[in-house]
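Visitor: Take a look at the following structure, please.
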Amino acid sequence: AVSQPIHSRPQSSRPVLLNKIEGHSDAVNAAVLIPKEDGVITVSEDRTIRVWLKRDSGQYWPSIYHTVSCKYHKRLEEFLLSEDFNKMNHVKTYPAHQNRVSDMVFSLESEWVVSTGHDKSVSWMCTQSGSMLGRHYFGSWASCLQYDNDTQHAFVGDYSGQITLLKLERQTYSTITTLKGHEGSIGALWWDPVQRLLFSGASDHSVIMWDIGGRKGRTLLLQGHHERVQAVRYLQLTRQLVSCSADGGVTVWNMDSPREEAPQWLDSDSCQKCEQPFFWNVKQMWDSKTIGLRQHHCRKCGKAVCGKCSSKSTTYPVMGFEFQVRVCDTCYDTVKDEDRTALATFHEGKHNIAFMDMDPSRGLMVTCGSDRVVKIWDMTQVVGCSIATGFSPR
């Protein structure tokens, strides 16, 4: 099992595939780039943890191949890698969950390991003693996790589409708030502690930016995927957001441009343009002797409108709508050609992406998923210039 070096060069501003790592016998759940090394660590459903190092040939070879005892892990295992990445020693086991572990964060600053699981809980444990410090239960499976080392806040996404913000203490915790905005299960979270922004991707194909640090609690909806979003990463230096979906879509969002919040959808029993009744408004239908109409919503103003009054569609990237969406005829007339200029670029990973990691300092991205393949990408053509980010041209 080795990698295949790819020798194609960039023809335009798009990700360049550098290597493919093949050899897993089941889906790859996670792949992370080793900082300052030409190496990747993978964890797979085939029960293996592997460390891949790039050789002089340009191929990645497995330096470590470790098999764990249980396929659906309810525990967390801590290992210590040798400096040459050729040896891995088991340190301790954390009895974290009663069902499959879905995500975890190892915090050196807090000396905690925080994890979520399909037992509908988040738990935090001491890395020194290995003992459980606390646990909180949710109403549905906890799917993903982010943690702020300075404030000890944990963000937990779940299968109901909610994100819960918790303040963790050594022996207790408090629930700060619950964020509701997605219409499907949360697939990925990313926390930027500098700007205090939280990004979430979900099975409703959308990404939401939550301004946790802002007093207004601003939220921006970003719609630029055709499948569930399973990985997000915000690049603070270039103010770009990278999101990946299950169909292999890789979207790079320009978050430095002015953006507007999408409006809340308004409730009404009749069209807010022509005043014709909707089909559940029996009284007005009877009084006016008309057949009720189906309700739609204008994505630009949020008004409830009938199909006749919202016959047009358009992109409107400033509100996050990179694809065509329904708008009322009045709003359509106000959208200028320059308002349709895309604020994101779209790329193809050409495989199922369940997990993604990036090293912005080198302009590298690694993706993996259910097709058992790990791909390493050169993103320097896509995520900012070398002056802004310090990338060295390849």
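The chain as shown is numbered from 1 upward.
Backbone N, Cα and C atoms are what each Cβ position is placed from, and that goes for glycine too.
TrEMBL annotations: computationally assigned, not manually curated.
Okay, so TrEMBL annotates it like this:
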REPEAT    21-52  repeat 'WD'
REPEAT    179-212  repeat 'WD'
REPEAT    222-263  repeat 'WD'
DOMAIN    265-336  domain 'FYVE-type'
REPEAT    346-379  repeat 'WD'
Visitor: Apart from its near flanks, which chain residues at least 6 from the ends of the repeat 'WD' (21-52) lie with a Cβ under 8 angstroms of it?
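Guide: Hits for the repeat 'WD' (21-52): 1-4, 60-71, 79, 81, 85, 88, 354-355, 357-359, 364, 366-376.
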Visitor: Considering every residue in the repeat 'WD' (179-212), what is the mean pLDDT value?
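Guide: The answer is 95, the mean pLDDT of the model over that range.
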